[in-house]
Amino acid sequence: MFIKFYFFIIFLILNFKNNYASPTLLDSVLSSTSSLSSPGSFFIETEFCPPPLLYRYSSDLEGDKGRGYKYVEFPNGTMSHCVHPCPSLYFSDGDWTTMMDMSLIVATISFFASIFLILTYSPLMNPSYNNRHTIGILSMSFGIFLIMFTDMYNLKKRFTLGCPSETRYAIQNDADCLITGLIFQFGCVSAVFFWTALSLDLYFQITNRNISRKYDLYYFIGVNLISLIFTFVPVISKSYGYGDFALGCWILDFNYALGCFWIPLSVCLIFSTVVVLMILYEVYKIYKASNQKTSLKGHIKPLLCLISNCFEFFYVFGYSLYLATKLTELHDNMDAYIKCLFLNSQNDPDSYTCPDHRLKLGPQFLFFLSLRLLGVSGIVFYGTNSKVRKIWKNSILINNRFIGKYFSFNSGTSTPVGSKNRSKTSSQLYDNSFGDSGILEEIREYDEKVKNGIIVTPGGDDDNINNNNNNNNNNNNNNNNNNNNNNNNNNNNNNNNNNNNNNNNNNNNNSNENNENNTQEIELTNINTIDNV
């Protein structure tokens, strides 16, 4: 009898716990209306926080929130001593690691690519650095370098820069966060502005519109000054920090991010898109007049690289706009997920099915990748053409005694016929300040050859150009010989007569030389006579 009564009491206790205990603990808190005037002053007094939430007691809630701690807050203002982990729960730990690894790998490549471009177009390597287009490439490369530098700074720190501890997000008061945030913002803004300026300059070059050089300094100073303003304005409201969707510190306040980056970026994208379409139209007109379909191949690469940068910026802008419009929904899903964690912690595990609160890895991965491909796109567009090779071959780093002792960059022992003329033409084109993507040089060569009645495919290999030059020079020499033979032999085209004419020409030359020598002797005699007098 006693044993039956004992089991009956246990059954009542278990039934009461399963049916009444958990709703009373949480639901009464969530549905309660606190009599306190300030929301968030009512806490769930428990030291237990369901994973992955972390427990941290706070006696100064508002102060700790300003220091980067994100306490769990329910819709009715109820607070707990549980905080969100850093990095955020919008991605799994594996997803965060994947994105960080990709970022560091691609950023490292872009970092050294930007250094290569900076060296190539700097006064150290490039004697014709003081023109608008070269300054634009150099400045854009420096902006990309700054963007990638913030990732390189994370090689050892990884998540510790944005997450000083597993419970705290970095804010502007953290020196590393502020410095990297400023560098990243200035690099992004200046790179976008100079990229826009380069697209406009490319259009001016193709259409042969000359802009006064006095504006070069004005535009360089103006772009950097505007970039500095957009960089330091958010500092006023302490808007720099580490967010829920980032790998590094940037502007947290949406209004400041909108005014100091997204609106300028959208304006630059619209403007650059129009300019790119105008460039494509100009190139189309040139090739339509040439009646050669294959000639378009010489310009596909530079134009695709220019357009790819535009797509990269468009994706960054579009995805960020998508996150901004979905932010309220994402926060609601996170609140529902956290509520589900508390409910399951008070009941049997998995008693409640928690809603999906995470973002998909693919779009966010592509967002980070697009930013870090800027350096790769830059070196493809501006670092892989004949002009860059010429700059490096003539630079002090390559063209010196030490390198020349062990390496030779000459393709052969003999100098091709007409090489001087070709070098002179290339130098003149290079001094015209474009020569960076190769497109303008090819267009000008094409126009010149159309005027002369010679149409060839532009953008060919250097060897083909040399062979064509040699063939043209040989043809010119043969024509000259034929003309001489024709003049001396009354247009007789037989090979034997040509040889005889050559011999006659040689004899005539020898006779002329003898006459010149006799003349020189007579002159010397006259001079001596005068001296004697």
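Glycine too: its Cβ is placed from the backbone N, Cα and C atoms.
Both Asn126 and Tyr203 belong to one identically named topological domain in Swiss-Prot, hence to the same side of the membrane.
When you go through Asn76, Asn210 in Swiss-Prot, the residue listed as N-linked glycosylation site is Asn76. Against the transmembrane segment (260-280), stretch 303-323 has more CB pairs under 8 A than any other of 178-198, 217-237, 303-323, 361-381. Listed as Cβ neighbours of the topological domain 'Extracellular' (156-177) (distance under 8 Å, sequence separation of 6 or more from its ends, same chain) are residues 54, 56, 66-70, 83, 85-87, 96, 100, 104, 235, 238-243, 246-249.
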